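Here the structure comes first, spelled out in structure tokens, and everything after it is commentary.
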């Protein structure tokens, strides 16, 4: 019977794959902006409906959001390790996904998650923006970037066929009436997704990262299917993390057939309406395959979809939406006969090339009504139990749900534990769990006293130490001085509580006299794009070339102050490279696999050029951060600075919220757990004024004395012997590269004239 059905197999031979950019902001279009989204608080404090103000390109947009649920309460992630299967409930909250619209733009769609900062997409009528938090979500800093658009050139595989439109859908598509939307009742499509090994690696080789990206795709798809009152529910996710379980190369019908056989053998016990295999292919000949109109036919409810190189999640969600639409009996639109309220309809063959909101056309709705009238949607009428709260598991070492504490198993907890291991509550007489990593204000199961420092400052002028409040075992959240506050005379600005000083880092590694190398050294070493000089690695473990503008934002290169070879401490696997460039000896080290984080990776916030800082390997303008910090701190009346929440943090002797009036009470800001600004910092300006007055008086006295003694000496001295000047010849600039792999290995030297 399967062979008889293959003639209805629909191949998506769409070659519009090109130059749709990767799903990270670093490879998006040139528009990229650092922003500070602001949540609009309401009196109800309900999280079911929330709103944000999001600035884009100097304009404020108000986004209204409604919570959406599309993970089943039995949702599991399946993985493989050396052939054995493991499954787990992912550590991902199910109640932080939202959909909504942008105020004043009736055809807009917002698809965002709030699990850790704001992450997702803002889709206007013909343009889309991605938004995601920077590394430290507590700073409220996000980046917003413009997604690819229809102007991008198309890249074709040299073996790919021309664009073909399917000719036989098994559905009547001509002369579609322009009927209004009919009343629809809610339907639920349970989906099981399988990710092949290549795509798993391409998306990050990390189960949490890949799971989050798949959920983002499902969220985008739901924003389109909401028009049909269809909710796409993710029931299970399988990651082929070690190797593929079936071959993933070949013709579309062959792959679909193999996946269908595998699905029937291995997914039987996992409830689902349809199963899809996502395959990574850099330049595929086709986009996917499925059986049109067979969603509720168990032996044919499957599909495969290709994920090309450099494709955005938004573009891939369009492909998957079209595939699911075909399975639901919805054919491709004929543009001259079908219309929708958007600039392009979702079932238009070229929809994936366009940014912005997309919707189903009148033709699509008629197709779907026809599909339902023939009982094609009977399997979609049962509503699965949705996962609305994270299920707490007592004994796993994580505090979840209503748990007060969780120290793990009985053996892990031990007899001295503050926590009851089987009930996850505190033992009688215990105030807190001192074994919990987050309980830095707890000792011997009791609260530490008020004012006890629980988190030291990273930098004197960019951070403030947190102290315990005496009534909680947890240290207050980390709040820093606002990013953009100038922390050094050279113009360096605060970033995430630190004052990134490359000279200081060089000195700490190589000793006194070592400073950040001149740009010529970065050109020489970073230009090689190898383990010594690069801007990180991509998803395929290849070194990323920094580009001329971003050379200083890769790996740190320093000047070397001595003639003794550098010996990395306690690291026999490290390799050292020296470069002699324009009379400077420059150095950098590859620490190899012995370190988890590269200590020479240039930190975010480090200065890379005039009025520019490094941000995720890119040299970007710092003007916005500086201006935002100045504007915020201007409301502190010169007696304080803004913190990372945009609230004045007052100098000693001044009271919040605006540091305008003196106070006898020591209170730095409205945020509890914070000391005042240090006294030496608060009185810095007054001290400078006093010292300046003293210097002026001393200078006047010294001048009077020197004039008197100078006149006397002038009489006694008739002439002065001239000194001869010695001249120095200067050699031409040369570049020398010396690589020392270890003390036992042979050293080599190459030279090129510049």
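Just so you know, glycine gets a Cβ as well, placed from its N, Cα and C.
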Item to check | Feature transmembrane segment in Swiss-Prot, mapped to one of the ranges 669-689, 690-710, 711-731 | outcome: 690-710
Checklist entry - Measuring Cα to Cα, how many angstrom lie between residue 345 (disulfide bond) and residue 650 (disulfide bond)? => result 54
Checklist entry - Out of 345, 642, 648, which of the disulfide-bonded residues is least crowded by other Cβ atoms within 10 Å? => result 345
Checklist entry - Any idea what the Cα distance is from residue 454 (disulfide bond) over to residue 650 (disulfide bond), rounded to a whole Å? => result 21
Checklist entry - Per residue, counting other C-beta atoms within 10 angstroms of the C-beta, which of the disulfide-bonded residues 363, 379, 632, 650, 659 reaches the highest number? => result 650
Next on the checklist: Please report the Cα separation of residue 632 (disulfide bond) and residue 650 (disulfide bond) in Å, rounded to an integer.
Outcome noted: 13
Next on the checklist: Between residue 642 (disulfide bond) and residue 636 (disulfide bond), how many Å separate their Cα atoms?
Outcome noted: 7
Checklist outcome for this item: From 379, 475, 636, 648 (disulfide-bonded residues), the ones whose CA sits within 10 A of residue 659 (disulfide bond) are 636, 648
Item to check | Integer Å distance between the CA atoms belonging to residue 340 (disulfide bond) and residue 363 (disulfide bond) | outcome: 9
Item to check | Assigned element (helix, strand, coil) containing residue 379 (disulfide bond), judged by DSSP | outcome: helix
Item to check | Structural state of residue 363 (disulfide bond), classified by DSSP into three states | outcome: helix
